[in-house]
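J.: Next up is a structure, given as structure tokens.
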Amino acid sequence: MPLLRRPPAAPHRTPIHHDKRLHLFSTHNTRHRATVSSLPVTCLRIRYSSSNPVRHLCGIPSSRCHAAADPAPSKIPGGGSGALEAGVVGWRDLLLQVGEVLSLGFPVWVASACAVALWRPPAFLWVSPMAQIVGISFTMLGMGMTLTLDDLKTALLMPKELASGFLLQYSVMPLSGFLISKLLNLPSYYAAGLILVSCCPGGTASNIVTYLARGNVALSVLMTAASTFAAAFLTPLLTSKLAGQYVAVDPMGLFVSTSQVVLAPVLLGALLNQYCNGLVQLVSPLMPFIAVATVAVLCGNAIAQNASAILSSGLQVVMSVCWLHASGFFFGYVLSRTIGIDISSSRTISIEVGMQNSVLGVVLASKHFGNPLTAVPCAVSSVCHSVYGSLLAGIWRSLPPNDKGQ
């Protein structure tokens, strides 16, 4: 009896396995086999046939997955967009690294600009008042892009920090100016100028330095606005009590200037960050460069306009101004930490107290004091607090605040 031969079995095919976490299609046909071992784990796309749809790992959107088993990237759907996205990310990372280097070298750029302005004033005399407003406004816009509307609301809910900074602004600096002028026995015109600048509100440059020093930018903006609004009353009052001469201030002019260069750009930046985040992510790497360049140019311009007076004023007035701002930075931080304010906000208060609106002091001294040398301490102040602030920004930027242990 002949042996019965079993008919050849049909090629076995492994059925499709549906796993809740992973969809893989396997077959013994090597032409259609998917190879996954060499692909990135975080972004995986499996292409098993030219006629079958592209599958992806469950939970990972296919729009984010550009890796494939096919060795020819040009044949992978979406591969071109992936290369373009990678190129954009690469350039953005490069700009971020350059901006970080510029930010860490902030003191060097400011000091260099001041030295050049003192040596060759015409190099910085081209800066017009309108250019100053535009430069500061763009910088404030960049800082506003780091905020959200919720950040500004949170700052408004910080009465302790806001009140402490306001009180330190109008107590530490005026008293320091008065005591230093007495201690160094300054001439009357230098003493009046030193007291005048110590009674001025916080300067808009403090917001830039706070931004670079990783401080609380929203709190800085509110402190600058609050001290500026109060300057219409407190600056002439404190100056008249400590310097013996009344100084008139235009409150509406202060309000308009503050709104133009601080409040409006910051609010616009926060709105852009809230509703146009894609645009913000695109331009944000350029903002550190704009901030550093703006401060350096404005400081150089302040020195260039008063170079002859600064050179002829001697060491005494320079020393007095340096002591004034050093006391503001030091006591602003130490007293804030003493009363239990967090590190980031203490940095902000220190910068706000130590940095004054020196330009306002120059204008008031030139308009309301008979001796033009009264404006010299104010001009020196614009350089001194910028150098101090830039040094602190460089140090604090490399030391991110850690308030978790408080």
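Yeah, the Cβs are placed from backbone N, Cα and C, and that goes for glycine too.
Quick caveat, the model's predicted, so the values are computed rather than measured.
According to Swiss-Prot, the feature transit peptide maps to 1-64, an assignment based on sequence analysis. The transmembrane segment annotation in Swiss-Prot covers 98-118, 123-143, 152-172, 187-209, 217-237, 252-272, 278-298, 315-335, 376-396, and the record cites sequence analysis as its basis.
Map these features onto the structure and tell me what's around them.
T.: Beyond its flanks by at least six residues, the transmembrane segment (123-143) meets 113, 116-117, 204-205, 207-208, 211, 217, 221, 260-262, 264-266, 268-269, 284, 286-287, 290-291, 293-295, 297-298, 300-301, 303-305 of its own chain at Cβ-Cβ distances under 8 Å.
The list of residues near the transmembrane segment (152-172) in space but at least 6 beyond its ends in sequence, with Cβ under 8 angstroms from a Cβ of it, reads 199, 201-202, 216, 218-219, 221-223, 226-227, 230, 234, 238, 267, 270, 327-328, 331-332, 335-336, 339, 341, 345, 348-349, 352-353.
Under 8 Å from some Cβ of the transmembrane segment (252-272) lie the Cβ atoms of residues 133, 136-138, 140-149, 151-152, 201, 204, 207, 221, 224-225, 228-229, 231-232, 279-280, 360, all in the same chain and six or more residues away from its ends.
Beyond the transmembrane segment (376-396), the same-chain residues lying 6 or more positions past its ends with a Cβ under 8 Å from any Cβ of the stretch are 103-107, 109-111, 114, 190, 193-194, 196-197, 203, 205-206, 209, 212-215, 295, 299, 302-303, 305-306, 309-310, 313, 317-318, 320-322, 324-326, 328-329, 347, 350-351, 354-356, 358-359, 361-362, 365.
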J.: Can you tell me which parts of the same chain pack against the transmembrane segment (315-335), counting only residues 6+ beyond its ends and a CB-CB cutoff under 8 A?
T.: 164-165, 168, 172-173, 176-177, 180-181, 184, 186, 190, 194, 197-198, 346-347, 349-356, 376-377, 380-381, 384-385, 388-389, 392
